[in-house]
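Comments concern the structure below.
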Amino acid sequence: MSQSTPLRTDVVVIGAGPVGLSAVFQCGMLKLRCHVVDALEAPGGQLTALYPEKPIYDVPGFPSIPAGELIDRLLEQVAPFTPEFHLSQQVIALEAVAGAEPAAWRLTTSRGVVLEAAAVIIAAGAGAFGPNRPPLDRLEAFEGTSVFYMVSKREAFRGRKVVIAGGGDSAVDWAISLSDVAERVHVVHRRPKFRCAPESAARLDQLAAEGKIDLVIPYQLKALGGTEGRLESVTVADLDGAERQLDADVLLPFFGLAANLGPIAEWGLGVERQTIPVTQATCRTARPGIYAVGDVASYPGKLKLILTGFAEASAAAHNAFHDCRPGEALHFEHSTTTGVPGIPA
C-alpha cells in the first residue's frame with residue numbers, strides 16, 4: 001500500500017551505483033535535494049554487489065582503489081547533502097503530475113513509496129539487479145538469515161562454516177577472502193575448472209593445498225538442511241548423482257546477477273538495446289525533466305567508463321537545475337570558490 005502523501009524533493013536519482021552517487025553530489029553542490037532509489041540492499045551497484053575488493057585503475061587521482069572503497073568515499077562525499085535512500089525496491093511507475101508548477105513527475109516504488117520531483121536522473125546501469133537464485137526447495141526459508149547473495153562485510157562470517165557456490169570471479173574472490181575469517185570454506189562448482197583471473201585461480205589452488213579451502217568439484221547444489229531459517233547442512237551431488245553432505249551455517253550462491261530495465265522500458269524514453277538515447281551535451285532523454293547517465297545512457301561515440309558517467313552526472317545535474325528552479329539564473333562557479341554547501345571552508 002502506498003503512502004497517502006507523496007514525498008517531495010527536487011531530484012529523484014534512480015540507481016545508487018557510482019554514477020548515481022556522483023549525480024547526488026553534483027545536485028547537492030547546486031543545492032538540489034535528492035531521493036535515491038535502488039533495487040539492491042546497499043548503495044554501490046555492481047561495485048558493491050559483485051566485486052567490492054577488486055581494484056579499479058581508471059579513476060583520476062587513484063592509481064588503484066578497491067571498488068568498495070570508492071563507494072565508501074562517494075557516500076562520504078554525498079553525506080553533507082543528506083540524500084534519502086530507498087533501497088531494496090524499484091521504481092515501478094512514473095507519471096506526470098497534472099497542473100504542477102514547476103512541472104513534476106510522480107514516481108511509485110515496489111514498496112509503495114511515492115515521490116514527486118521536478119527532475120529524474122536515471123543512473124540504472126544495465127538495469128535493476130537481482131540474483132540468479134539456485135532452484136532449491138525451501139530456499140526462501142533461509143534467505144536473509146543463512147543464504148546471502150552478496151557480502152558487504154566479511155567480518156560477519158568470522159568463525160562460520162561457509163559454502164560458496166559458483167565458478168566465476170565473485171565466488172573465487174570471496175572464497176579467498178573469507179578463508180582468513182571463516183571456520184571452514186567449501187567451494188562448490190559444477191565444473192573442474194574455474195572461470196576467473198589466472199592469479200585468483202592459482203591462489204585458490206594454493207589455499208586448497210594448504211587445507212584452508214575445500215574444493216567440492218565437480219558438484220552441484222542439491223538440498224538444504226536446517227530448521228527455523230538456520231542452515232545446518234548443504235547437500236551436493238556430482239554428475240553421477242552421488243551425494244555428499246557439507247556442514248554449513250551459511251550459503252553464498254554466486255551465480256551472477258540478472259539485470260533488466262524493467263518498467264523503465266515502458267516510460268516512453270525510446271529504449272534501444274537496454275539503453276536510453278540522450279542528447280550528449282545535456283543527457284536529456286526524449287521526455288522533459290528526465291535524464292539518463294552512466295551505462296544506461298547512449299549517444300554516438302559513447303564510452304562506458306566510470307569517468308564518463310561522472311561527467312554525464314554533472315551535465316545532468318546542471319541541466320536539471322533549470323527544471324527545479326525555472327527562471328532562476330545558474331551562475332557557474334568552481335568548487336574551489338564555492339566550497340561544499342553546508343560545510344565551513
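Placement of Cβ uses the backbone N, Cα and C atoms for every residue, glycine included.
Pulled from Swiss-Prot, these are the features on record:
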type	residues	note
BINDING	Asp38, Gln46, Tyr51, Val91, Phe129, Asp295, Thr336	FAD binding site
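Feature map: Swiss-Prot annotations on the structure.
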residue: Asp38; record: FAD binding site; contacts (Cβ under 8 Å, 6+ apart): Ile14, Gly15, Ala16, Gly17, Gly20, Gly45, Phe85, His86, Leu87, Ser88, Gln89
residue: Tyr51; record: FAD binding site; contacts (Cβ under 8 Å, 6+ apart): Ala67, Asp169, Ser170, Asp173
residue: Val91; record: FAD binding site; contacts (Cβ under 8 Å, 6+ apart): Val12, Ile14, Val37, Leu107, Thr108, Thr109, Ser110, Pro263, Ile264
residue: Asp295; record: FAD binding site; contacts (Cβ under 8 Å, 6+ apart): Val19, Gly125, Ala126, Thr275, Lys304, Gly309
residue: Thr336; record: FAD binding site; contacts (Cβ under 8 Å, 6+ apart): none
Once the DSSP letters are reduced so that anything not helix or strand counts as coil, what is Asp295 (FAD binding site)?
helix
State the count of C-beta atoms found within 10 angstroms of the C-beta of Gln46 (FAD binding site), not counting that atom itself.
18
